[in-house]
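*Asks:* Quick one: the structure is below, questions incoming.
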């Protein structure tokens, strides 16, 4: 199980490594295409409140992996613990490191200010500043202005990435733990892996994160879920029979 969790973690880590490899850096929205709107819709599946719908959907999609309703209910509790623990780790790291997002750095550069001055304001004022600046930018579409307005927190690590990576770890972990090797189980893992990869790409493409934010968030999800599944392996109700 540990090897399989690590394998899918490595898969997600290919995104930041590839971005570094091609020396891609976001600096404004001049390269936006129609495809980026679809990435925005996908990234919203990890944004509040839509992330709650995503969680409910995944808990239902995971149901067939479990042998009985009791096992599924316990599995849902584990899923909740995993999501809460990883989001708590992300929130703590953001508060500790206070790294600005790419789009806020760009805003500061263009207004001859500094990211530090931007983040001295409360969230309401930061949202207003971001909205006013990017609304005047002809190349930034309204949907992205709205996204910036709602995402004026810190950058490191990526909350959307840790959310997607956590659900991939849960899919891989439970299929391994419960010994479900069915085509449906494989399809579930592959589907979530593709969703996760696109989520990571969207965060850099839309000016929300740097590659290091994605890498550390993915590794945090791997670490926390590796601990969770190492614990679950010792519990009889989840042991393969």
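From the backbone N, Cα and C atoms, a Cβ is placed for every residue, glycine too.
Among the features that Swiss-Prot reports, active site, proton donor is placed at 160, with the record citing similarity to another entry. The region 'Phosphatase sequence motif I' annotation in Swiss-Prot covers 94-102 and rests on a curator's inference. Under the heading region 'Phosphatase sequence motif III', Swiss-Prot lists 202-213, citing a curator's inference as support. Feature annotation from Swiss-Prot assigns topological domain 'Periplasmic' to 22-52, 92-158, 205-210; the stated evidence is similarity to another entry. Annotation source Swiss-Prot lists transmembrane segment at 1-21, 53-62, 68-91, 159-173, 185-204, 211-235.
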*Asks:* On the DSSP side of things, how many residues of the region 'Phosphatase sequence motif I' (94-102) fall into helix, strand and coil, could you say?
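*Replies:* Taking the region 'Phosphatase sequence motif I' (94-102) as a whole: 5 helix, 0 strand, 4 coil.
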*Asks:* Return one of helix, strand or coil for residue 160 (active site, proton donor), based on DSSP.
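*Replies:* DSSP assigns residue 160 (active site, proton donor) to helix.
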*Asks:* Given a Cβ distance threshold of under 8 angstroms, which distant residues of the chain, six or more beyond its ends, lie next to the topological domain 'Periplasmic' (22-52)?
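*Replies:* Distal contacts: 102-103, 106, 137, 139-141, 143-144, 147, 150-151, 159-160, 163-164, 195, 198-199, 201-208.
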*Asks:* Counting across all protein chains shown, how many other Cβ atoms sit within 10 Å of the Cβ of residue 160 (active site, proton donor)?
*Replies:* 26
